[in-house]
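A short worksheet on the structure shown next.
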Amino acid sequence: MTMTATSIDVRVQSPKIDVRDLNFYYGKFHALKNISLQIPEKQVTAFIGPSGCGKSTLLRTFNKMYALYPEQRAEGEINMDGENLLTSRMDIALLRAKVGMVFQKPTPFPMSIYDNIAFGVKLFERLSRSEMDDRVEWALTKAALWGEVKDKLHQSGYGLSGGQQQRLCIARGIAIRPEVLLLDEPCSALDPISTGKIEELIAELKDDYTVVIVTHNMQQAARCSDYTAYMYLGELIEFGETEKIFIKPRRKETEDYITGRFG
């Protein structure tokens, strides 16, 4: 399958993140190639594409997860609120507070449900006990988990089901009140019922947050997102409103992937 590079010129009304000519390298391997797109504010944007296409790599550039590894580097611009995150001197912990992340596998901390939520908050704010109690309840309620755990807040997060653990991780992420929430295949390890709850939660979260989700599940992208980006071999092939991408894609490569003729 031969593809040629294309210019993606889709302007969104209120971009929260503006990516321009982004290139990313794992050592000498060129993983992302001249990516340019705008992530709309308080909308859900989905990244789709086959394994190894670069969608998770792109997601992780938004909060500089690659900074943990010296051999990895990004070039270009990722602008948020008028500041290029790639050259910004913003404290990395502060950046990750503004741009939260939930990973593919639920990763609760080895502590109580309450402390899972309170831990990150304590890094950035000094709250009284009653204020912290309110924040914990608020975050767990936002993550549609409060009703299930309110009577066992001091039990280990490890005692929750997989779907509950993932919602706990989402609650932990929003407890520090980020502006952007990154979800890297958050439902891939979950059963259909838990997946449905996460999808309902995503729909509610966009009222307050800019949400970006990586998913292998095209039906999930169609259900959950407002905008969709299709990637292949480190290139952005097509980006636009989800309904248009799935009903009338502009690129044959996108149509082939969505219809299952390629993938």
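Using N, Cα and C of the backbone, Cβ positions are placed for all residues, glycine too.
Since this is a predicted model, take the numbers as computed values, not measurements.
Here Swiss-Prot flags 17-258 as domain 'ABC transporter', drawing on sequence analysis.
G52 (ATP binding site) falls within neither a helix nor a strand when secondary structure is assigned with DSSP, and so counts as coil. Under 8 Å, Cβ to Cβ, and six or more positions away along its own chain, G52 (ATP binding site) finds L233. Positions annotated as ATP binding site by Swiss-Prot, on the basis of sequence analysis: G49, P50, S51, G52, C53, G54, K55, S56.
Shown are the binding-site residues P50, G54; of these, the residue with the fewest other Cβ atoms within 10 Å is P50. Its own atom aside, the Cβ of S51 (ATP binding site) has 8 Cβ atoms within 10 angstroms in the protein chains shown.
The Cβ of S56 (ATP binding site) lies under 8 Å from the Cβ of F47, D184, E185, V214, each on the same chain and at least six residues away in sequence.
Spatially close to C53 (ATP binding site) yet at least six residues away along the chain are M231, Y232, L233, G234, judged by Cβ distances under 8 angstroms. Proximity of G49 (ATP binding site) to non-local residues of its own chain (separation of 6 or more, Cβ distance below 8 Å) is seen for K55, Y230, M231, Y232, I237, Y257, given in sequence order.
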